[in-house]
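**Q** Quick one: the structure is below, questions incoming.
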Amino acid sequence: MGVKFQKPRGTQDILPSEQKYWYWTEDNFRSVMLSAGFGRIITPTFENTDLFVRSVGEDTDIVSKEMYTFTDRGGNSLTLRPEGTAGVVRAYIENGMHKEPQPVKVFYWGPVFRYDRPQAGRYREFCQPGLEMFGEQDPIVDAQVIALMMKFYRKIGLKDLVVKINSIGDIKGRAKMQKALVDFLSAHRRTLCAECKRRMIQNPMRVLDCKEKKCQPVIEEAGGVLIDNLNTASKEHFTKVLEYLDDMGVEYELDHRLVRGLDYYTHTVFEVVAKNGGLSIGGGGRYDELVKMLGGPATPAIGFGVGLDRTIDLLKKQNVAVPEVVFSDVFIVQLGDEAKKKAIRVIDQLDEAGYRVAHALGRSSIKSQLRVANRLGTKIAIIIGEREVHDKSVIIRDLSDSTQESVLDRDLIKMLKKRIQ
RNA sequence: GUGGACGUAGCUUAAUGGUAAAGCUCCCGGUUGUGGUCCGGGCGAUCUGCGGGUUCGAAUCCCGUCGUCCACCCCA
């Protein structure tokens with residue numbers, strides 16, 4: 001059979017056998033968020049293109065070459081969200097959430113889209129849970145948010161992670177810092193690649209992202225230039241954040257080259273990676289100017305996003321045992337027409353009692369039905385044949401140890417409870 | 001966006017110019033109503049992602065295209 005259609009490049013089918021990882025991470029994420037006082041928010045999967053251009057930044061890779069942008073029938077330019085923050089900030093402003101008690105704490109879970117060349121751990125549609133916290137600029141929340149993110153990773157069972165962290169300063173110091181950076185880069189312009197020379201003028205911070213070999217020595221130093229030129233307030237903020245992290249026992253690693261691919265960040269930026277290297281599985285930072293920039297009141301804010309697909313890849317790589325999804329507690333086997341009718345009644349009864357009931361009513365031989373039960377991994381089989389119909393009884397068989405007993409219909413639930421706690 | 005490898009039944013692979021194999025899975029059976037192991041049998045590639053070309057003849061060679069993976073880039 002030739003397959004006519006295949007999934008679009010960079011997308012994935014996540015089959016039932018994979019779902020245990022999704023339930024596991026989703027349940028944990030939700031409980032970590034709820035217990036920390038975050039409320040769930042669901043925003044549209046697509047927004048006006050301009051929202052992303054303005055917030056993420058025109059000269060970022062995301063906006064300049066990775067967005068799924070389309071024109072709808074009304075002629076509006078819309079874009080499938082390439083990240084989670086912009087939409088939440090828009091919602092915060094649009095719904096007047098700045099009138100709610102601050103800080104406002106929300107979390108989300110959903111797909112994001114980037115037109116990028118697929119690779120292991122890199123998809124065009126991927127799942128990105130995250131949180132945003134508005135209205136608090138104290139460095140303690142930077143540390144708390146990072147700690148919360150690590151708590152999630154710890155709860156799902158990941159080990160050996162480290163937070164890479166840096167500060168890119170506040171907006172007031174940005175001009176001076178950028179000038180120092182540009183001065184420094186200009187002095188070394190001959191050793192920089194063409195792209196960097198362009199970025200130096202358009203968006204100097206982005207030069208730090210360059211991986212061009214010839215630029216490396218300069219960039220290495222440039223990171224130091226940034227840190228050295230943080231203004232006093234920014235330095236203080238960053239120092240406090242690190243202090244709090246030390247205090248909370250969160251393991252971090254300073255990375256002066258970390259500037260992140262989105263323009264809206266200020267102060268603290270961070271990414272999480274496995275200690276033995278690999279892709280970053282989550283990241284975030286503070287963005288104190290974004291709310292105002294998008295038309296809201298000046299509001300400090302901070303957030304992070306988790307790359308769930310990569311997180312799950314890492315769970316597998318680290319052989320973390322996640323709970324199996326139980327598809328069925330009992331399996332009903334029926335033999336003959338009358339038994340089949342009785343089976344339907346028993347299925348209802350057990351369903352009402354809260355059991356997950358599996359069956360293969362379309363099959364007739366006991367062998368084939370038990371084979372299915374075995375394949376599903378069901379612990380208990382309930383066998384109903386002609387004899388049981390007459391005796392008003394059923395056979396309860398424990399497939400794990402091959403013991404079985406005949407019980408009267410009216411004792412079924414009671415006897416089942418003994419075998420399944 | 002750049003460079004490279006790869007693409008055979010649901011899955012993992014074999015066959016490298018001569019009319020597509022195997023294991024697993026799946027289905028059926030191994031005496032009266034009992035699974036997992038074992039044994040026997042069967043379904044399964046409208047033919048080797050798709051389209052074109054070279055050739056008497058292609059899964060095997062060439063081109064294009066789609067997809068996967070790797071490196072770069074970027075990030076989640």
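If you go along the chain as it appears here, the first residue is 1 and each next one adds 1.
Positions of Cβ are set from backbone N, Cα and C atoms, glycine also.
Source: prediction; values computed, not measured.
Per TrEMBL, the features are:
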type	residues	note
DOMAIN	A:29-323	domain 'Aminoacyl-transfer RNA synthetases class-II family profile'
BINDING	A:E83, A:G84, A:T85, A:R114, A:Q128, A:E132, A:R260, A:Y264, A:Y265	L-histidine binding site
**Q** Tell me, how many other CB atoms lie within 10 A of the CB of A:Q128 (L-histidine binding site), whichever protein chain they belong to?
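**A** Cβ-Cβ neighbours of A:Q128 (L-histidine binding site) within 10 Å number 20.
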**Q** Around the C-beta of A:Y265 (L-histidine binding site), how many further C-beta atoms are within 10 angstroms, looking at every protein chain?
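**A** Its Cβ has 27 other Cβ atoms within 10 Å.
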**Q** Look up A:T85 (L-histidine binding site) in the DSSP assignment and report helix, strand or coil.
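**A** DSSP assigns A:T85 (L-histidine binding site) to helix.
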**Q** Averaged over the domain 'Aminoacyl-transfer RNA synthetases class-II family profile' (A:29-323), what pLDDT does the prediction give?
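**A** The answer is 89, the mean pLDDT of the model over that range.
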**Q** Please work out the number of neighbouring Cβ atoms within 10 Å of the Cβ of A:T85 (L-histidine binding site), leaving out its own Cβ.
**A** 27
**Q** Give the sequence-ordered list of residues that share a chain with A:R260 (L-histidine binding site), lie 6 or more positions from it, and have CB atoms under 8 Å from its CB.
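**A** Sequence-distant Cβ neighbours: A:V269, A:E271, A:G283, A:G285.
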**Q** Give me the largest Cα to Cα distance among A:E83, A:G84, A:T85, A:R114, A:Q128, A:E132, A:R260, A:Y264, A:Y265, the residues the record lists as binding L-histidine, in Å as a whole number.
**A** 21
**Q** Are there residues of the same chain, six or more positions away from A:E83 (L-histidine binding site), whose CB falls under 8 angstroms from its CB, and which are they?
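**A** Spatial neighbours, sequence-distant, of A:E83 (L-histidine binding site): A:F52, A:V56, A:I62, A:V112, A:Q128, A:L262, A:G305.
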